[in-house]
Amino acid sequence: MNNLLDKIAQKKKYHFLIFFVVLVLLSLAMMVLYKPLCPGDDFFFHYRRLQALMDGLKESPWLIYLDYNAIDGYGYFTKAFYSDFVLIPFAFIGNLSDVVFAYQFMIFSMTILCGVFTYIFINSVYKNTFAATIGALLFTFSSYRLLDIYFRAALGESLSFTFVPLVFLGLYHIIKGDYKKWYILSIGCSLMVFTHLISSVLIFILIFIFLVIYCKSIFREPQRIRYLFLAALITVAITAYYTFPMFEQMFSNAFYYQSRQIMSKTQDTVMDFHWILWGMFKGFTIHEQAFIPGIGLLLTCAIALRLFVYDKSEKLRSVDIGVLIGLIFIFACTRFFPWSIFPFSMLNFIQLPWRLFEFSSFFFAIAGGYYLSLILKTNKRVLFTVGLLITLIVLMFANESKVYHKYRCWREITDEPTVFNGYHLGGLEYIPDRVPSVEFLHQRGDSVKSNYAGMQISDFKRSGRVTTFNLNATNGEALELPLIYYKGYTASLDGRAIPVSESDNGLVQLSHIQSGGVEVYYGGTLVQKLSFYITILSIFVLCSYIFLQRRKDKHLK
């Protein structure tokens, strides 16, 4: 037995394969134990995003679309404020199968990628496959990530876990590694922005913190600073598809999220200390509280292993720095943290301080893997520890899935959107401020309105993104259509373009219109079309650079 373990330990090329098999099996166990899929807090919002993208792929080659079916057909422009980029491959799969399969496959595949990227990061930085295996499993199946996926169904944040290791791998190469691999930072940051904007801002703050901590090593080699700025510039170009249209819409109008108190403030959602402690030990207990954010027992035990580590090294110091930051983030979720005081008050937009658990989980998982790699000296103990961790993760799945089914399966995922449940659109924060309320839209109904009583509308139809009707009017009319106004609407009268504006009720308005056949659809803006090509071109240029750089490195070797 010892000889076999020694052989496996020596053949490091098999270590990743073994890890990958374990990762896939645990991911399958997670999917099976958490069946059936039940709607968490934000489930319907993200489910609609995926369905709207599936429909949009059929309508527009530039992916210019609204959720045309939202709010009784009035339409909702989630895409402008919440990027759909990472969802695109899964929307293709959804159109070939169905939205439920696409959603489930997305969770499974992004779980696999999360584990793989974390393994690559830890092994690249700490040169230890055992630490990489333990750390990747701890992070991928961390308690807070499972809570994000299932209990909260916060799809954007849960998918962002996948790209956190890529960002830190790129940052490592900028600070201490091969700075010619600066592009990893660009790729990681771009994917974070495309996935979840709030998590992106938090990770940018973390990048700044680590740059300050390791500023000496950066200033010793000024070229690292140049590559850092290059990575930032390329990130801006790659994310143009999302960020440019978002800013265009933000500057073109006022929306509910700006003018109405629908977003919670960070200082109002802090946790009592006993819930912080409970969250640090959750995962293996049956609790009556449906929703307890926390890092979980496995990661708490992981950082407690530091008590048994007596080495001193630069690598250990870097792990300890991560643990310290993670502990500060946990403290930031308590009532003792001064969220209402500048500069922390500027972070009110994150709404929920326990979003920071995503990064605490990452740092603690790395620490657990690295501490164990220093503590365990024999292959037998290594094998036993891996087996024990796998068993504990499966037990955690079994326990947490029971709580999930108990508190989240009281309604079906087929629940219909109505005015009474906010049309499954979260806080409705992306509705123009002029719209009185969704109740107003519901009562207004599917009608074209005008101040002129003699106007006649006939053959009113909605077909996908296009709304058509025939108008019979003797005077130039101002018509208010049953469509929420967003910049980018296009209208024509008998094939001739006519101007579109926003009515006093925040709806699409056509002014000075004569009799004829009217067609209205969301055609997008020049910024949306140009940004699409900027992103495609930037990705092509970056891929070409990586290919040529690797080819050059091969020749030099």
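Every residue, even glycine, has its Cβ placed from backbone N, Cα and C.
From the options 134-155, 354-375, the stretch TrEMBL describes as transmembrane segment is 354-375. Panel annotation: around the transmembrane segment (227-244), residues 83, 85, 170, 174, 179-180, 182-183, 185-186, 189-190, 193-194, 211, 218, 527-528, 530-532, 534-535, 538-539, 542 of the same chain, lying at least six beyond its termini, place a Cβ under 8 Å from a Cβ of the stretch.
Counting Cβ pairs under 8 Å to the transmembrane segment (100-122), the stretch among 182-215, 290-309, 354-375 with the most such contacts is 354-375.
The stretch from 14-34, 159-176, 382-398 with the most CB pairs below 8 A to the transmembrane segment (354-375) is 159-176.
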